[in-house]
Amino acid sequence: GGQILRVSTALSCLLGLPLRVRRIRAGRSQPGLRPQHLSGLEIIRDLCEGKLEGGEIGSTEITFTPGKIKGGTHIADTKTAGSVCLLMQVAMPCVLFAASPSELHLKGGTNAEMAPQIDYTVMVFKPIVEKFNFRFNCDIKKRGYYPQGGGEVVVQMSPVKELSPINLTERGTVTKIYGRAFVAGALPIKLAKDMSAAAVRCIRKEIRDLYINIQPVREPDDQAFGTGSGIIVVAETSTGCLLAGSSLGKRGKNSDKVGIEAAEILLRNLKHGGTVDDSLQDQLIIFMALAKGVSRVKSGPITLHTQTAIHFAEQLTKAKFTVTKLEDEDPGKDAYIIECQGMGMVNPNL
């Protein structure tokens with residue numbers, strides 16, 4: 001699947017290991033590389049002046065030979081609504097260990113199905129992943145939606161010597177809930193208000209005494225391409241944890257339903273007692289593997305994406321993961337500790 005491709009290519013680039021991947025997305029209705037996967041491979045190839053064979057749409061086998069990670073300005077364009085957030089996922093670990101600062105121009109869908117929304121990346125992923133002791137800037141130039149895409153995000157980051165481990169094991173209590181419900185293009189603001197109101201009503205049933213602020217927004221026409229809608233709802237805790245639920249609107253889908261879906265995902269993530277939600281879980285694995293020292297993260301049930309990321313991180317690096325179910329929790333909670341002895345990657349360029 002796409003995720004195996006992203007994790008293994010990023011690690012291949014970082015470790016200087018040549019890589020061959022076969023049977024890419026073999027069981028899917030459209031097997032082989034899709035535009036988003038190919039753009040991801042191409043940006044990694046360009047970042048390190050590597051060699052890529054089999055890099056075309058529909059290809060089910062690629063060979064990648066990495067070079068030295070350089071930095072500089074790079075463009076990746078899916079030319080579809082393929083997710084810019086997934087492009088960021090594959091490129092970010094690599095540019096952290098580049099020789100000089102990088103500026104990535106990522107083009108495609110900013111709010112796409114089957115991938116984190118750009119709002120999630122900025123509101124949840126960014127503040128948490130920066131705990132590994134690096135900073136990045138993410139500027140949303142233009143939003144783009146299914147089916148055309150047309151969005152653009154510019155990511156700037158400087159390289160680091162090494163990553164610090166993280167310890168996210170104390171959830172604390174939820175202190176505030178906020179978010180944004182958006183519409184763009186031909187859709188009226190009323191839809192955003194409906195999504196927001198439905199999400200608030202749904203959360204209120206479980207959490208009564210907290211102020212909930214989900215802002216309805218109409219994206220400015222010069223900052224959005226095409227028509228789209230969606231919502232993200234974030235819960236912040238007393239220890240600085242961020243957990244979220246999000247959902248996208250689509251033709252024929254009632255806007256109340258979109259709001260309720262996001263709220264229910266958030267509530268489910270709050271219920272298990274972990275410090276990260278199920279979308280963040282797998283995105284942290286590669287950073288834990290590269291960090292110097294022991295990282296510990298408390299999570300809900302381990303997703304298939306996380307199991308996959310752990311498997312390939314262990315295969316390719318010297319990192320060691322252990323996942324332990326917490327037995328002493330409340331019976332209603334299903335929590336785990338993901339622990340990793342990181343490989344302690346050191347940037348040879350700094």
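Keep in mind that glycine also has a Cβ here, set from the backbone N, Cα and C atoms.
No curator has checked TrEMBL annotations; they are predicted automatically.
Cβ neighbours of H305 (active site, tele-AMP-histidine intermediate) (same chain, under 8 Å, six or more residues apart in sequence): Q3, Q281, D282. Residues or ranges marked as active site, tele-AMP-histidine intermediate by TrEMBL: H305.
Counting only same-chain residues at least 6 apart in sequence, those with a Cβ under 8 Å from the Cβ of Q89 (ATP binding site) are R6, Q283. Taken from TrEMBL, the feature ATP binding site covers Q89.
Look at TrEMBL and you will find 1-323 tagged as domain 'RNA 3'-terminal phosphate cyclase'.
The average pLDDT computed over the domain 'RNA 3'-terminal phosphate cyclase insert' (169-270) stands at 97. According to TrEMBL, the feature domain 'RNA 3'-terminal phosphate cyclase insert' maps to 169-270.
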For a three-state summary based on DSSP, what are the helix, strand and coil counts in the domain 'RNA 3'-terminal phosphate cyclase insert' (169-270)? 37 helix, 37 strand, 28 coil
